[in-house]
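Single-structure report; data block below.
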Amino acid sequence: MLSSTAILKASGDVAINYQQYIYPIIINKLSTLNYTIKNKKYYSQYKYSIQFQNEFQKNLKIYNNSNNNNNNNNNNKINKNNNNNNNNISKFFIQNNNIDKKVLRHFYSSTKLNYAKQQQQLFKNNETFNETVGASLLPIINKLQENAALIGSEITLPQIIVVGSQSSGKSSVLENLVGRDFLPRGSGLVTRRPLVLQLYQTTTTSRNNVNENEDEDEDDNYYDNDNDDNSLEEWGEFGHTGTNRFNFQEIKEEIERETERIAGPNKDISSEPIVLKIYSPKVVPLTLVDLPGLTRVAIEDQPPDIEEKIKSMIIDYISNPNSIILAITPANQDIVTSDALKLAQQVDPLGKRTIGVLTKLDLMDKGTDAIDILLGNSIPLSLGFVGVVNRSQQDINNRKPIEQMLADEWKWFDQHPVYHRITNQLGTKYLAQKCNKILTKHIRDTFPSVKNQIRQLIKKYESDLEKYGEPIPLRSAEKSRLLLDILNEFSRKYRADLDGTNEELILNEFNGGARIRYIFSKAFQSTTAAAATTSTDNSGGGEPFGWLSDQQLKIALRNSGSTMFIPQKIFDSLIRKQLERVREPLIQTSEIILDELIRILTQADYSHVLSRFPILKERIVEVSNNALRKLVKECNQSISQMVDAEMSFINTNHPNYLYQLNNLLFSSSSSSFVVPQGAFQSTSSTSSSPTSSSSSLPLPQNSNPYNDALNPYNIDRSYPIDNQIKQQQQQQQQQQQQSYQQQQQQQQKQQSGFLSRIFGSSSSPPSPPSPPQPKQQQSHEIQIQQQQQQQQQQHLKKQNLIFDDKFKLEQYGLNDITEDEKKQIYLLRRLLLAYNDIAQFNLQQNTMKLVSLLLIDKSKDILQKELIDSLYDQSSVDQLLRENELVVAKRNECIYKLDLLKKAKKSLSQSENSDLLHLY
């Protein structure tokens with residue numbers, strides 16, 4: 001490979017064979033330039049590459065043809081052309097001598113790299129590598145960006161987010177990238193909505209569909225710097241205006257109008273983006289999102305929390321893991337105070353997706369520079385820093401063309417004593433190419449995740465659309481069929497919930513039939529048991545027959561005519577009273593099940609079907625409730641009849657009852673049988689006695705009477721009793737005993753009870769034998785007590801006193817219950833409890849069966865018929881099928897978003913197979 005000087009020397013020597021010597025060097029040079037462009041090295045050579053290729057493409061074609069043609073005439077023609085082109089080669093190399101040296105030097109160091117095939121293909125297409133990839137991928141992402149703006153923030157697309165404080169030069173950077181003035185300017189907060197800026201590189205001039213309102217006044221000379229035809233090559237389109245084209249002055253005005261329309265006339269902000277597409281042959285394919293500039297102090301017409309609002313908006317955008325952060329910081333301020341870098345570090349602490357941009361490098365104090373920052377020595381960023389020079393306010397006022405500014409920017413960097421060493425890594429053009437390369441690579445890397453997001457969103461909206469259903473048909477026959485289908489489906493799912501055959505699996509709670517079974521097995525049994533086990537104070541929580549005190553049993557025994565046994569009639573009466581107490585809880589069971597059935601009717605499984613038609617839903621619930629309440633009324637009557645049937649026949653021949661009876665007979669027949677300690681209640685106050693005697697024994701705290709003698713009372717018989725009250729009790733006892741004896745003699749002749757089987761059937765029931773006690777063993781205290789009783793009795797007879805209401809029979813304490821009575825009371829209560837268990841079990845089981853048969857099963861059978869008979873009417877179909885407006889709006893939204901997502905998925909699928917995704 002010859003040096004540049006040798007090339008120049010050879011090109012001036014006509015004796016050198018042009019065909020064999022000069023053209024191979026040109027081919028190598030072209031390959032070098034293409035390789036250089038591909039790697040974005042020596043950015044200053046870019047603008048010469050197309051010129052170089054165009055100048056020698058024709059000659060190369062002649063050269064290639066000459067290799068395949070041995071005709072002497074053609075060779076003579078080529079030699080003649082060679083002589084004519086020598087001058088052009090010399091002129092070109094002389095003008096670009098310095099460029100040529102750099103290019104050839106870079107080519108020498110890269111001879112081992114093999115890019116020949118790729119370079120030749122790029123050369124044939126006359127395109128650079130990055131332009132090809134960017135032009136193919138970015139339009140797809142831009143289209144997705146537009147759809148994402150319409151769909152919402154549900155897709156995390158790869159995009160470059162421009163972040164910076166006010167007056168940081170953010171707007172100037174964007175305008176430099178576009179090469180046009182198009183952003184509104186002014187004091188305070190100007191950018192008040194996100195601006196999605198999509199740059200499309202065009203290659204041909206289009207005169208179609210140009211905005212008819214485009215003005216061609218003197219202002220166009222400012223926006224069209226080169227010639228008047230540029231207005232046809234460059235234009236803008238907004239996402240909210242369709243395909244209408246705008247020139248750059250109109251773009252600025254439309255941004256202001258659209259911002260004020262959404263964000264209001266004051267200085268408030270809005271998160272709804274503006275989508276702007278700019279078509280120009282001068283731009284690099286790129287997508288940027290310009291956000292409002294950070295501010296610290298709210299000015300006039302701004303809300304006081306404007307700073308927090310802007311920060312929150314910026315965080316929402318840069319938190320997207322697929323976004324690239326373009327953090328803009330003015331170089332004439334301390335880098336550690338950069339608001340943009342501070343926010344970027346919050347979401348990207350490692351700096352893997354942050355590009356730092358230093359603006360206003362020309363405004364730094366003399367003797368200072370930002371070379372350490374640009375080289376990454378101060379703040380390390382994986383994507384590095386890029387320095388740029390913006391137009392000054394005077395340049396803007398003087399309408400200095402941006403192309404002239406870009407040339408001045410390059411000249412300033414090239415002549416700077418420090419920055420000239422890294423000129424190829426500075427400037428607006430380098431920033432554009434760097435962003436293009438990073439974004440293009442990022443798009444390729446995030447394609448799978450974006451495609452997966454779109455797939456998931458399609459699945460979600462299809463599911464939502466299925467819930468909202470198809471639009472209502474217009475024909476009457478189709479409407480009637482739809483109504484019938486809804487009623488049938490409603491009834492089917494109701495049956496499925498009760499039977500446990502619902503397709504939807506619920507794991508967080510009992511549902512349908514499982515809840516009903518739980519109510520039967522747990523809640524229902526505990527409720528009826530609590531109603532049957534009422535304590536003596538009628539507060540609940542005691543034992544069965546807790547409402548029946550031992551004193552009442554003693555009185556019942558004595559009222560039966562004997563102190564030794566009780567007739568069957570008294571036993572039956574006590575059992576019936578106990579069964580009557582559970583009648584209401586059993587009836588309430590059907591009401592509990594009714595509430596559960598109503599809950600199932602409005603269950604979430606098919607609530608979405610009814611939510612479409614609020615009138616139909618209301619009527620279905622009304623008809624269903626009426627049908628269920630008819631059933632529950634019949635069910636309650638059957639439950640009440642069942643209780644009456646249980647009370648009508650007290651079956652003392654039940655095997656379980658006989659088993660308990662035999663056990664009691666066996667245990668009580670033993671001579672050593674003793675009534676368990678504490679098996680008797682220590683109070684005579686009952687639910688039937690409104691007052692309690694002052695002589696009754698106190699009830700110990702925390703006592704649980706009659707828990708199978710496991711929790712006995714601690715009876716304190718030493719409780720002091722007033723002497724006068726005691727004397728009155730003794731007098732009452734004597735007179736009452738005489739009355740009882742007379743009644744017993746009469747009743748024993750007429751009645752006999754089941755307890756006679758325990759104590760015999762003689763006219764005088766036997767009492768447990770007790771050894772006679774000699775008189776000398778009786779205590780002197782007892783003798784005195786007997787004498788006092790006799791004296792009091794005689795005194796009462798003389799006074800001809802009668803019993804007052806306060807001397808009621810239930811006021812007798814436990815002291816007057818004999819051992820025989822204790823035994824009888826104990827045995828009687830145990831038999832009552834034994835039969836109560838049998839009766840309670842029968843009632844609970846039969847109640848569950850009646851509720852299942854008459855309410856649950858019957859509701860499954862009649863619900864569909866009731867709904868069709870009541871609602872399937874041709875005259876009311878239109879009214880019943882009137883849709884909820886909210887459902888209609890949501891369905892239309894789903895259809896719209898599904899259409900956008902499916903188009904996006906199609907675009908991604910077509911691009912996924914493109915070789916351009918695999919070139920990097």
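Every residue gets a Cβ built from N, Cα and C, even glycine.
Straight from Swiss-Prot, the features:
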- 164-172, 359-365, 390-393: GTP binding site (BINDING)
- 724-751: coiled coil (COILED)
- 212-236: compositional bias 'Acidic residues' (COMPBIAS)
- 681-705: compositional bias 'Low complexity' (COMPBIAS)
- 724-751: compositional bias 'Low complexity' (COMPBIAS)
- 765-774: compositional bias 'Pro residues' (COMPBIAS)
- 775-790: compositional bias 'Low complexity' (COMPBIAS)
- 154-448: domain 'Dynamin-type G' (DOMAIN)
- 825-916: domain 'GED' (DOMAIN)
- 65-84: region 'Disordered' (REGION)
- 164-171: region 'G1 motif' (REGION)
- 204-241: region 'Disordered' (REGION)
- 290-293: region 'G3 motif' (REGION)
- 359-362: region 'G4 motif' (REGION)
- 389-392: region 'G5 motif' (REGION)
- 680-790: region 'Disordered' (REGION)
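What Swiss-Prot annotates, mapped onto the structure for a quick look.
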residue: G164; record: GTP binding site; DSSP class: strand
residue: K170; record: GTP binding site; DSSP class: helix
residue: T359; record: GTP binding site; DSSP class: strand
residue: D365; record: GTP binding site; DSSP class: coil
residue: S392; record: GTP binding site; DSSP class: coil
Cβ neighbour count (within 10 Å, all chains shown) around S392 (GTP binding site): 15
CB contacts for G164 (GTP binding site) [other CB atoms within 10 A, all chains]: 28
Candidate with sparsest Cβ neighbourhood (10 Å radius) among S167, T359, the listed binding-site residues: S167
Among D362, D365, the one of these binding-site residues whose Cβ has the fewest neighbouring Cβ atoms within 10 Å: D365
CB contacts for K170 (GTP binding site) [other CB atoms within 10 A, all chains]: 28
For the region 'G3 motif' (290-293), sequence-distant contacts whose Cβ falls under 8 Å of one of its Cβ atoms, 6 or more beyond its ends: 161-168, 170-171, 174, 183, 189-195, 197, 269, 310, 313-314, 317
Remote residues contacting the region 'G1 motif' (164-171) - C-beta distance under 8 A, at least 6 residues beyond either end: 183, 185, 188-191, 290, 293-295, 327-330, 339-340, 359-360, 388, 390
Counts by DSSP class (helix H/G/I, strand E/B, coil) across the domain 'GED' (825-916): 84 helix, 0 strand, 8 coil
Composition by DSSP (helix, strand, coil) of residues within the region 'G3 motif' (290-293): 0 helix, 1 strand, 3 coil
